[in-house]
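*Asks:* Take a look at this one; I'll ask things after.
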Amino acid sequence: MGKGTLYIVSAPSGAGKSSLISAMLERNPTYAMKVSVSHTTRNMRPGEEDGVHYHFVAKEEFETLIAKGDFLEYAEVFGNYYGTSRVWIEETLEKGIDVFLDIDWQGARQIREQMPKAKSIFILPPSNGELERRLNTRGQDSAEVIAKRMAEAKSEISHYSEYDYVIVNDDFDTALMDFKAILRAERLKEEKQAAKYKGMLDALLAE
């Protein structure tokens, strides 16, 4: 059995990254795929579940994990730690399961340095106008917050060229097909196929 592939997925807020990852998992139940769940020291919010949205841990435990080198990357945001578990990702990949890692461009850089075989995907909105419309449609944020998110989006988008693949999420179903095509192509690479079909290949080449 071959190893799984780590997919780094980045996008500005409102580009549809989370929806695409969720749809990929729901519509392709035969694919061995999981989403990486980050560790955090922030308090759990209503509706969140430990181990599903985040692994909620105490600050002391998080700092112990840092000292042990258990994180591929971590950052402190507004006084709370967030980190990606190296151990969980490596164990999952060893089982032949692909892992999606939803992370920003800065975290993506850190991950690529440590796991150069990871594949990276950047998801773009079709226009600034459409991105702003999607953010407004959520109905969650004030005009001030949306303006801030739009500025952050421009900064995030400026790093799209650092990624292996780029998907434009104009039509959701088309973007989802593009997403699946990337996974399919990666699974058909020689290295993956040679591991998957080792017995068959040995038989084909036997004298």
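In case you wondered, yes, glycine gets a Cβ from its N, Cα and C as well.
Okay, so Swiss-Prot annotates it like this:
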type	residues	note
BINDING	Ala11, Pro12, Ser13, Gly14, Ala15, Gly16, Lys17, Ser18	ATP binding site
DOMAIN	4-184	domain 'Guanylate kinase-like'
*Asks:* If you skip the near sequence neighbours and keep only those at least six away, which residues in the chain come within under 8 angstroms of Pro12 (ATP binding site), Cβ to Cβ?
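*Replies:* For Pro12 (ATP binding site), the qualifying residues are Pro125, Leu131, Arg149, Glu152, Ala153, Lys154, Glu156, Ile157.
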*Asks:* Starting from the Cβ of Ala11 (ATP binding site), draw a 10 Å sphere and report how many other Cβ atoms land inside it.
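*Replies:* Its Cβ has 25 other Cβ atoms within 10 Å.
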*Asks:* For the domain 'Guanylate kinase-like' (4-184), what is the mean per-residue pLDDT, to the nearest integer?
*Replies:* 94
*Asks:* Report the same-chain neighbours of Gly14 (ATP binding site): residues 6+ apart in sequence with Cβ closer than 8 Å to its Cβ, ordered by sequence.
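*Replies:* Correct list: Pro125, Leu131, Glu132, Arg134, Leu135, Arg138, Arg149, Ala153.
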*Asks:* Suppose we draw a 10 Å sphere around the Cβ of Ser18 (ATP binding site). How many other Cβ atoms does it contain, all chains included?
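*Replies:* Excluding its own Cβ, Ser18 (ATP binding site) sees 14 Cβ atoms within 10 Å.
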